[in-house]
Amino acid sequence: CSVKIPKHMENETFYFESNDSDELCNLGPVQAEVVTQTALHAIICASGLVGNLLVMMTYFFYKRSKTMTDVYLFNLAVADLIFVVALPLIIFNEQAGWSLGVVACKLLESAYSINLFCGTLLLACISADRYVAIVHARRSFGSRSRALTYSRLICSTIWVSALVLTLPTLIFTELFEENDPITGTSSRKCQLSFNQAHTAKLMKVLVPGLQMAIGFLLPMLVMIFCYSWIAYTLLRAQTQRHKAIRVIVAVVVAFFVCHLPYNMALLIHTTSLFKERSCEAEQRKLYVLNVSKSVAYLHCCLNPLLYAFVGAKFRSHFMEITSDIWCFSKKYIYSARSTRGGSDLCASGVRSSDVSHNMSSISP
């Protein structure tokens, strides 16, 4: 028996043809999958929200002097935060019905693409900046005075490019009624939808193709090249930079673990589009695709740990933040009994950060 998938996306129930009878092929997630993904996404949302907010607070309020990598990390935290905020509504749409309007539908479905392109391209820029600073340290020294201007221009270009690359998702995402032949109920879904067959074929290949080529393959090649040269330079110099090597390995491994499974599943899924598939094979492919996508979401909460909190200077700023938050909250709660000494203590953390000098927040 085989199934022909229509133009809409796959989380639906379809009839597939058999030699004897017509049977239902349910391509929706099973209950265990829904529960597991909900728990995992809740962890991603909570940890990603806290981690990326702390990164943004550190760079905005505490770290006065900034490097190119600092600018990239701040923009990376913004991109991750946008997606983390949108993730609960995206998951609710996938597991239930869409109760918001078409504008919110388009914006939220575009949030993942924007985060993907911005995030991975910024990671490539971070690796390139580290490469220039370590492998070509002497030649790059004179150009660092204009580094912030360059980094802001690069970040602006990345954001504009991400928006342009997300246009197909923004344009073709629509609301439509989905009927469940088992329960007889209908619900509104927010998914890619096409009115013409040739447009569907083009976009269902173009959208994942752009994600794999620009959102994964290009940053992967840049990171492999840059970090390979960085590791070679550090090892050749025979310096005690074992921690730097471990950080490089952790960054590359995390990138592959998070993004490679989903891109492989997406490639297999895309190459099988518009072909007749068995119901069981289609269910397995969609299950692997959904699980690997959830793993890819993990990078939103891993980025602060891998790229920010590994730096000693950044950790000191983080300690100042936690100290100030505790002090100000304590002062607010017990304002009636607060003393002048308590107020001075609250201000001390901020004053100490104001006079801190610039140091890269990344090791290496």
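Just so it is clear, glycine is given a Cβ too, placed from its N, Cα and C backbone atoms.
Among the features that TrEMBL reports, transmembrane segment is placed at 39-62 (among others). Outside the transmembrane segment (39-62), and at least 6 residues removed from its termini, the chain residues within Cβ reach (under 8 Å) are 70, 73-74, 77-78, 80-81, 83-85, 87-88, 91, 294, 297-298, 300-301, 303-305, 308, 314, 317-318, 320-321, 350, 353, 356.
Look at TrEMBL and you will find 51-307 tagged as domain 'G-protein coupled receptors family 1 profile'.
Annotation comment: TrEMBL describes 71-92 (among others) as transmembrane segment. Using a Cβ-Cβ cut-off under 8 Å and counting only residues 6 or more beyond its ends in the same chain, the transmembrane segment (71-92) has close neighbours at 37-38, 41, 44-45, 48-49, 52-53, 55-56, 59-60, 100, 104, 107-109, 111-112, 114-115, 118-119, 122-123, 125-126, 129, 148, 151-152, 154-155, 158-159, 297, 299-301, 303-304, 307-308, 361-362.
What TrEMBL records for 112-132 (among others) is transmembrane segment.
The transmembrane segment annotation in TrEMBL covers 153-172 (among others). For the transmembrane segment (153-172), the residues of the chain that approach it from at least six positions outside its boundaries are 71-72, 75, 106-107, 109-110, 113-114, 117-118, 121-122, 125, 192-194, 199, 203, 206-207, 210, 214, judged by C-beta separation under 8 angstroms.
Annotated transmembrane segment per TrEMBL: 212-235 (among others), in sequence order.
Residues or ranges marked as transmembrane segment by TrEMBL: 247-268 (among others).
Marked as transmembrane segment by TrEMBL: 294-312 (among others).
Under 8 Å from some Cβ of the transmembrane segment (212-235) lie the Cβ atoms of residues 113, 116-117, 120-121, 123-124, 127-128, 130-131, 134-135, 165, 241, 244-245, 248, 251-252, 255-256, 259-260, 263, 266-267, 364, all in the same chain and six or more residues away from its ends. The average pLDDT computed for the domain 'G-protein coupled receptors family 1 profile' (51-307) is 82.
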